[in-house]
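If you look up Swiss-Prot, you'll see 44-79 marked as FAD binding site, on the strength of sequence analysis. Under the heading NAD(+) binding site, Swiss-Prot lists 193-225. According to Swiss-Prot, the feature [2Fe-2S] cluster binding site maps to 423, 425, 457, 460. Per Swiss-Prot, the feature [4Fe-4S] cluster binding site maps to 639, 645, 679, 683. Here Swiss-Prot flags 683 as siroheme binding site, drawing on similarity to another entry.
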């Protein structure tokens, strides 16, 4: 018996998802399936299309697994477009006139990019951003261009702008509307997005109507209605999409007034045997331009063909994504257009975070919201909206930082109904995930495999994990609290192992109590524990591979790969000569200078190779390191106290100096801040610090476990009218007990709140020595105090360590991408305009350095011709990758931590903690190409690097 024929026109993301849904229902056995694909590539991931410019190949973007078509007997016709539909004859004709019969016809023709019909839109140098072929043309043009302009400031336009930036172009975005992402964001969110994108060096031009595009001697020029103009070398149109409905029109199918193939709840067109799904389909006068609704249409249509009940009833258009490195989320009625609705907004200007929620008139339901700069609340808020969950009495608490005594605002997954949609891309509910866990799926890999949750855009990953862990706990399965895959221990247990067994190195610890090579979680944690216990020099060969970039170079890394320098100024005291020396150094090295809230001076913009020279001059002027880079004591802030102030009752400055010099260099689970006030007027703000001291007529009041920041907490009064010796003894005990028992990266405030008994328990333990360990804690602190060393002074006296402070092991040239401009009389970051791709050496192999020049289990920067690369020494192997950290403009990958993930050697980038495989430069999770990888060989102790990237060599072969 001859099978009926199902023809699918269009093989994009939605089209392929339809095929997968058909296969899962065995429809490939009921139908002969023929697929027409206009492009030369089978379906690929358009969501991550920009990664193509980061070195990801067309093959890695493909959505087609292995021999999918052969295995399931589906016929794929690549580079074949359908020219017409003959509904009476039930055939489609391709561009060559060949006819293919169909019994069911599915149109998944997608959309095409909208190009405004302005004069000059078709000039050479004008492109659209839609397909891999489009991207190849853009890349070819960008190789000889300096500046690129994108017309369109929506989702697609900002994606295209990101692509141009990755190609090294000076990038501008032109938008007709007053705001970027005008559909998704309100005015406040759009303003914050614009501010953040502008800081990245992207020019933003809103309210610009392009009247013409002309060619001149310099290239292209856009002329605007307001009389202004903008010159460019190339232009990319990414101003939205239009449904690809021409085929349906020619076949006499019903289409919308503004385009789109009209469909019903079963995705049927005006001809019941012709179906339409995805961006070409118009459902209730609405075109869905996101992949998740298209997937839902595809799944619904396949289910209907298989005889299952159900219908397509619309889809949530909420979205969460990262645009040019900026987290953005929009859901529901983001613009607040519902009659009578109320909105709450919160802005954190310094951190460039904007949050807004819209609630119903009665304040009972969440209707929508906008998040820019921090989208961490997206999953919680979206579930509350989709499931109609009751709002708290004060809805604003959902977006405000948690205050003292308030409960966490995160929504417990136990409160979600089983039908709550967790993954919109694949329509996976909470119940689906719980069922998968009950069926034996006990980790994220198994959940993804069984349900496909978190395999689409990935935005639901955190919530999927929460549901999985909830169900595991419900089944009585212990959810491990191991710090990472390398150590089945908590931080407290690791501290105990190190202290009791006198373990002095990471290698000793992992050999006895762990496995593998470590990661960005356990290495810095163990480094901190070792320093708290033994206080050895951090750059000893055994300790260097554990240090994050700030501790490895004793400075705070900034967004452009330079560092900030903070000399210690105990209690804020500084001599006139000291001030003059700091000013002269800042001027000599062109450093941006700023007074900090901790009463110190911060100098920004020091290149890696400049740090030793800067610190040599600071040391000669009497300064030592301020430990602004470490999880350690930062500052002890003070007022002038009784020395100068008429209200002061004690010498607060003198005590602050004593405390700062006592605890400087103390490593802890998190940073420690202190303050001393000379009277109850509290000018030093001691009650907002980890350790706060306020003078009284009889002595000192001690306050503990406060902090400022995003979640401020008022410190608790711990003891009153203490003499100085008792005060210091109490602080010694409390800090060492905190170091012993706190979790990883846990501030003192959270630590105390999690202690059973809270501050009362601490008083008994510290003041009354209820556990009998007071003297032991004091002795541990005494050893730390006695073993203090200024890390910079030690480094300056060690030529071998100084050799690590260089940007390139084989060149003394500075990083050309670090540029400065003057603003308010001071040096500031300036965008770097790349002049095409850096030149590679003409010879196949270039000698870079001696093997011993690369630290064991660490990396160092180098130059391959003019290209910046990172060399990593992992055991007996040497690897070479591009030095540019993905998603940044900083050549800093060489300063990342080395480790492994499931035995796979990886580097963890220093700025944004991205896990990248050393062998091929791909992302550890997902396999997307992150950076280029280069061949390496070691001969006679010399490291050589090849001039043809590994990916290109592999594809050529």
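Placed from the backbone N, Cα and C atoms, the Cβ positions cover glycine too.
Distribution of Swiss-Prot features across the structure.
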{"residue": "69", "record": "FAD binding site", "Cβ contacts under 8 Å, 6 or more apart": "35, 75, 76"}
{"residue": "79", "record": "FAD binding site", "Cβ contacts under 8 Å, 6 or more apart": "37, 38, 39, 40"}
{"residue": "193", "record": "NAD(+) binding site", "Cβ contacts under 8 Å, 6 or more apart": "180, 181, 185, 323, 326, 328, 372"}
{"residue": "198", "record": "NAD(+) binding site", "Cβ contacts under 8 Å, 6 or more apart": "204"}
{"residue": "203", "record": "NAD(+) binding site", "Cβ contacts under 8 Å, 6 or more apart": "170, 171, 172, 173"}
{"residue": "218", "record": "NAD(+) binding site", "Cβ contacts under 8 Å, 6 or more apart": "231"}
{"residue": "639", "record": "[4Fe-4S] cluster binding site", "Cβ contacts under 8 Å, 6 or more apart": "645, 648, 652, 653, 676, 677, 678, 683, 684"}
Residues near residue 460 ([2Fe-2S] cluster binding site) in space but at least six apart in sequence (CB under 8 A): 379, 422, 423, 424, 425, 453, 454
DSSP state at residue 44 (FAD binding site), helix/strand/coil: strand
[4Fe-4S] cluster site shell beyond 639, 645, 679, 683, criterion: Cβ within 8 Å of Cβ centroid: 640, 641, 647, 648, 652, 677, 678, 681, 682, 684
Cβ packing number for residue 645 ([4Fe-4S] cluster binding site), 10 Å threshold: 16
Per-residue Cβ crowding (10 Å cut-off), top of binding-site residues 64, 425: 425
Nonlocal neighbours by CB distance (under 8 Å) for residue 223 (NAD(+) binding site), same chain, sequence gap 6 or more: 210, 211, 212, 213, 214, 229
Whole-number Å value for how far residue 208 (NAD(+) binding site) lies from residue 64 (FAD binding site) (Cα to Cα): 41
Other C-beta atoms that fall within 10 angstroms of the C-beta of residue 49 (FAD binding site): 21
For residue 74 (FAD binding site), the three-state class that DSSP assigns: coil
Secondary structure of residue 213 (NAD(+) binding site) (DSSP, helix/strand/coil): strand
Number of Cβ atoms other than its own within 10 Å, given for residue 44 (FAD binding site): 23
DSSP-derived class (H/G/I helix, E/B strand, else coil) of residue 49 (FAD binding site): helix
Rounded inter-Cα distance in Å - residue 44 (FAD binding site), residue 208 (NAD(+) binding site): 34
